[in-house]
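The next block holds one structure in the form of structure tokens; read it before the comments.
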Amino acid sequence: CSTCREVMRRFLLLYATQKGQAKAIAEEISEKAFAHGFSADLHCISESDKYDLKTETAPLVVVVSTTGTGDPPDTARKFVKAIQDKALPGDFLAHLRYGLLGLGDSEYTYFCNGGKIIDKRLQELGARHFYDTGHADDCVGLELVVEPWVDGLWAALTKHFTSSRGKAERIGALRVALDASRRMDPLKPELLHIESQVELLRLGDLRRRDPEARGQNAVDGGRSGAPVVESESESSLTRSEPPLSQAALSTPAAPPEYLHVRLQECPGQEESQASVTSVDPIFQVPISKAVQLTTNDAIKTTLLVELDISKTDFSYQPGDAFNVICPNSDSEVQNLLQRLQLTDRREHCVHLKIKEDTKKKGAALPPHVPDGRSLQFILTWCLEIRAVPKKALLRALVDHTSDGREKRRLQELCSREGAADYNRFVRDERASLLDLLLAFPSCQPPLRLLLEHLPKLQPRPYSCASSNLSHPGKLRFIFNIVEFLSHTTKEVLRKGVCTGWLAAVVASALRPDVRVSCAEGGKAPAPEISISPRTTNFFHLPSDSSAPVIMVGPGTGIAPFIGFLQHREKLQEQHPDGHFGAMWLFFGCRHKDRDYLFREELRRFHQCGVLTHLKVSFSRDAPVGEEDAPVKYVQDNIRLHSEHVARLLLHERGCIYVCGDAKNMAKDVNDTLVEIISKQAGVEKLEALKMLATLKEEKRYLQDIWS
């Protein structure tokens, strides 16, 4: 009741989320708070009209995710802008006590940077911790930090409220709190100290996960649909072994139901991508060209797609990224409908409302599910049905599973004791909800459960691979068709949600025999896709055109640099007497004759002097001549030209741009730069790390990387 809510010990709980992770964790904290004698006032950090840190007297708990290459999530844009106002005095938030949990992925250089930005600024404004900051790593499993951090939160809050600062807040709630403590068995965890990791120092020490345990993106062979061979004695998605199979389990409480779903027959209505919800403007644009850049025997297939944006007001700079709004696989949607026994109702309209008797605090309709759209549309365009199920979803499935063994296994997978099995068979194998439903046939969840737990289908970002000066009214981008093996109950070859769909959309336009094609004037209209701009673009050429530029982009990481070079070429044509700095490109691929992207265009840029230095490495080709140490990767070539690289960065105020794979390449390039600076400047590694950090602060070391 509202009276109980007022007298219990209140804290403000904010979350800043991009894909729903931070929100789910904040909701879990909110649900657990009552059992520990607290009341959480839960809000998205973007809802600035519902809280005011300037006058807040209760402790603050913040859960913050990280997006892009180290940005706070989109929902935190306005908040971060507000607190970064330089006019705010240093004691603006001196009254505030807070605890912060940051979410990130250590495969990226700026680990947990969204949380770190907010944490640092709150400190600068005078706020102080009542609880140590936690940094959870999605690379190894968020729960390894999240669960103990949440467990320790209650002791930290208790300490705050019993301190001299908390006495005034505690007096009115003392009687109720004492009464509550008699009714409940209080949890008394030790206050957990989670060390904040120093970003630059941890780069060289982070060990990569075992690729065999993780499953690889690249697929060299294998038959789709082959059953996974299992020994009777070994663990699998559906089977455990001692000691887990015999252990008493600590499972989370069942997440409260909060949606009422009504399926209603509705007249045939035309549904398009335009119905997808988005905070950014959406542009529906035709595909004017599609080219296969790799040969048919290349390990990965790379496509270039050109969009006609001439009839829109969509604009971009070289280096910008944009979003492609994509659907789920039609076959996976149909399989999910069939498994849920809803195939005959797929055209029914979905209407949602909040259950009147829900126990979920702050329950709200999911904003990414539009009202009155068909069930098939929602599963196709609105829900991330490929999302790896969180433990809360697994716990919810338990209550809809009739077979005892299957129920026990689902309980194990969502329990603390089963964390290793969850990581191995669900998270690392990228199992989806459909995989689980096929693996546990007695599980019959209602549609409500999917709508409550599946996150929004996110648009996929791509780098612009063109310049508007060179290709007016056109926007180009490139991508690999992602393929990977999924091992759940059977071995399945899957394609990426977006790249698989894009490949199918442009298939009719591709003529791989000549490796070039374009939309020809015919009766059939050009296929269209929906795109939206990204608001956090930062990967731009220096404003001073005389500054030297070093570009590092193996594989599809070359995309923004093609735009850079096209742009520079046009600028040099327009300003023949201008002073333009040197441009270096370090490119790498597997085979010179199979996947050397933009080979002829790069050679032309080099020959005409726009690209002053072109350094290419081939990782799978046999070395030529009698080289002792063949140059296999971009970092090898950078090391080979270390004196030039160091001079450009340290003495000529050059800028270095790195684009591509975060897991291996970006880390290896970073380590190589530390090594080069240390050697060429004659300093220790720690000092070299500081010098590299300075380049980042000055926006002269920029990364556009992904995993």
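Numbering starts at 1 and runs along the chain as it is shown here.
Cβ coordinates are placed from backbone N, Cα and C, and glycine is handled just like the others.
Any TrEMBL annotation is an automated prediction that lacks curation.
These come from TrEMBL:
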DOMAIN    11-154  domain 'Flavodoxin-like'
REGION    211-252  region 'Disordered'
COMPBIAS  234-245  compositional bias 'Low complexity'
DOMAIN    280-542  domain 'FAD-binding FR-type'
For the domain 'Flavodoxin-like' (11-154), give the DSSP counts of helix residues, strand residues and coil residues.
53 helix, 34 strand, 57 coil
Mean of pLDDT values spanning the domain 'FAD-binding FR-type' (280-542):
91
Let's see if you can do this one: DSSP helix, strand and coil counts over the compositional bias 'Low complexity' (234-245), in that order.
2 helix, 0 strand, 10 coil
